[in-house]
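Visitor: My structure is below; once you've seen it, I'll send some questions.
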Amino acid sequence: SSIFELPLSQLSHGSGTHYKLPQNKVTVVLGAQWGDEGKGKVVDLLAMDADIVCRCQGGNNAGHTVVVDSVEYDFHLLPSGVLNKKAVSFIGNGVVIHLPGLFEEAEKNLHKGKGLHGWEERLKISDRAHIVFNFHQAVDGIQEQQRQQQEGKNLGTTKKGIGPAYSSKAARNGLRVCDLVSDFKVFEDKFRMLAEHFLTMYPNLKVDIDSELNQLKEYAERLRPLVTDGVYFMHKALTGPSKKILVEGANAALLDIDFGTYPFVTSSNCTVGGVCTGLGVPPSHVGRVYGVVKAYTTRVGVGAFPTEQNNDVGDLLQSKGREFGVTTGRRRRCGWLDLILVRYAHMVNGFSAIALTKLDILDTLPEIKVAVAYKVDGKPLPSFPANMDVLTRVSVDYETLPGWCCSTEAARSLEELPQQAQNYIRFIENFLQVPVKWVGVGKSRESMIKLF
C-alpha cells in the first residue's frame, strides 16, 4: 500500500511509536478583493473568544477600522484583536514594522477609549520581523515621483516605506528586530551602511542618521520586553494546550505580490501562503480560511478595475459606503461585485466560508449587477488574466438581480433580511460554491449576522 493512502495516525516509527496529529489549528481571515473589505470587523468578532491574534504580513500600509462601544479604533500595525484584553496579540516575522508608526498608533487609540489600555502587556513581536526606517518611507515617496515622471503613472503606494523595506529584506541588507534589541553598536554600524546605500542610490534623499539612531535607541528599550522568538512562540501555541488562534491578513488577494494585479500590488504575500511564511506555521496547522468579500467592489489608487462605475451608482456606493482609505484618506473607486475576481481569490486561498460585508450599502438600489464573465475581443476568458493590459481591455458580462429597496440595518438573522437580499447572498454562494457564514449590515460587530 502506498504511503500516501495511510492516515497520519497510522504512520509509526520502527519502534511502534505513534506520532501526534497537529493539535491546534489557526483560523485565518483574508481579504478576497482589493482590500478594504471590512476584515477588521470580522476579526474583532472572532477575536472576542480568541486566545492569540496574529498579523503575518504587510506593515502600517494596512488600515483596519473596528467599532466597539461606539468608539472607532483605527489599526495599521497592531492586530485588531488587541482590543480583547484576554488575548495575546502577535506581530509575526512577515510584518515590516515602522516603530514610530507603531507607538503613535497605540497613543492615538489610547486617547479614543479604554479598549487599548494595557496593550504592551498583551503584545508580542517576532524577533525576525524587519524594520521600516524613516528613510524607507522617504524613498517610497521619491520612487513614486520618479514613476510619475518617467511613465506618467505611479503605483499608488501608501508611501509608508513598505516596498523599500521588503526590497531591503530581499537584498539581504535589511535590519530586523533582533538586531535592534541586541548589541546597539553593531546595529548602528549596519544602520549607517544601509542608510549610505540608499543615499548613494537616491542623491536627493535627506537622512538625519544620528537623529534617527537616537530615536531607535529609545525604541529599543520600549520594544525589548515585547520581543520574542516567534517560531518558538507559535510552536508552543500550536502544540500546547487547546487554544483558539486567529490570523488577521492585511491588504488582500488581488494585492498579493505573486497573485495580485501586478504591478499595482503590495510587496507581501497577502494570500494564505503568507500565513505559513509570515508566522512560521506549518501548512498542516492551517484550519479554516475565511474570505472577506464586500457586497460590491472597491479599489484604492491606480490599476485595472473591470466593474468600476464612473456614474451615479459609483458615487452612491462611495458616499453611502464612506469609501475613504483608513491609511491614506484617499477616495476609493467603486463598482459592482466582481465574482470572477472573488472566484480567483478562492482558487488561491481555498476559502472555507465567506463573510459578506456592507450589504446595507446596496439597500436603495432598484437593481444590482454582478460580474459573472469576462470577454476580450468578444471571446470569453477562461480565467482571471495575469497581464494587466489584458485586464484593462476586458468587457464584463453581468447578471442583473432585483434590489430590495428597503433598509437591512435592523436585521439580525437571515430570515429578517428581505427575500431579494437573501437571493443575492444565495447567488454569490452558488457561483463561488462557497457558503456565506456572516453578512454585515452595519458598522458595529452586532450588525454581523451569523448564518450558520
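Including glycine, each Cβ sits where the backbone N, Cα and C put it.
Please treat TrEMBL annotations as automatic predictions, because they have not gone through curation.
Computed from a predicted structure; not experimentally measured.
Grabbed the feature section from TrEMBL, which reads as follows:
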type	residues	note
BINDING	35-41, 63-65, R332, 358-360, 440-442	GTP binding site
BINDING	D36, G63	Mg(2+) binding site
BINDING	D36, E37, G38, K39, N61, A62, G63, H64, T158, R172, N251, T266, R330	IMP binding site
ACT_SITE	D36	active site, proton acceptor
ACT_SITE	H64	active site, proton donor
ACT_SITE	K169	active site
BINDING	V326, T327, T328, G329, R330, R331, R332	substrate binding site
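Mind running through what each feature is packed against?
Guide: Taking a C-beta cut-off of under 8 angstroms and a sequence separation of 6 or more, L359 (GTP binding site) has the following same-chain neighbours: A295, T408, L417, A421, Y424, I425, V439, G440, V441.
Applying an 8 A CB threshold to same-chain residues 6+ apart, the list for D36 (Mg(2+) binding site) reads G63, A252, K294, T298, V300, E323, G325, V326, R332.
The 10 Å shell around the Cβ of H64 (active site, proton donor) contains 24 further Cβ atoms across the protein chains shown.
When other Cβ atoms within 10 Å of the Cβ of K169 (active site) are tallied across all protein chains shown, the result is 19.
The Cβ of R330 (IMP binding site) has 13 other Cβ atoms within 10 Å, all protein chains considered.
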Visitor: Around the Cβ of G329 (substrate binding site), how many other Cβ atoms lie within 10 Å? Please give the count over every shown protein chain.
Guide: 8
Visitor: Spatially, which candidate from the recorded positions K41, T65, K169, T328, R331 is nearest to T158 (IMP binding site), comparing Cα atoms?
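Guide: That would be T328, the closest of K41, T65, K169, T328, R331 to T158 (IMP binding site).
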Visitor: If you count Cβ atoms within 10 Å of the Cβ of N61 (IMP binding site), leaving out that atom itself, what do you get?
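Guide: There are 29 of them.
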Visitor: Need this for a regression test: recorded positions G38, K169, T328, filtered to those with Cα within 10 Å of N61 (IMP binding site). What's left?
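Guide: Cα filter at 10 Å returns T328.
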Visitor: Please tell me which one of the recorded positions listed here (H64, N251, T328, G329, R330) sits closest to K41 (GTP binding site), measuring Cα to Cα?
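Guide: Nearest in space to K41 (GTP binding site), counting only the recorded positions, is H64.
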Visitor: From the Cα of H64 (active site, proton donor) across to the Cα of G38 (GTP binding site), what is the distance in angstrom?
Guide: 7
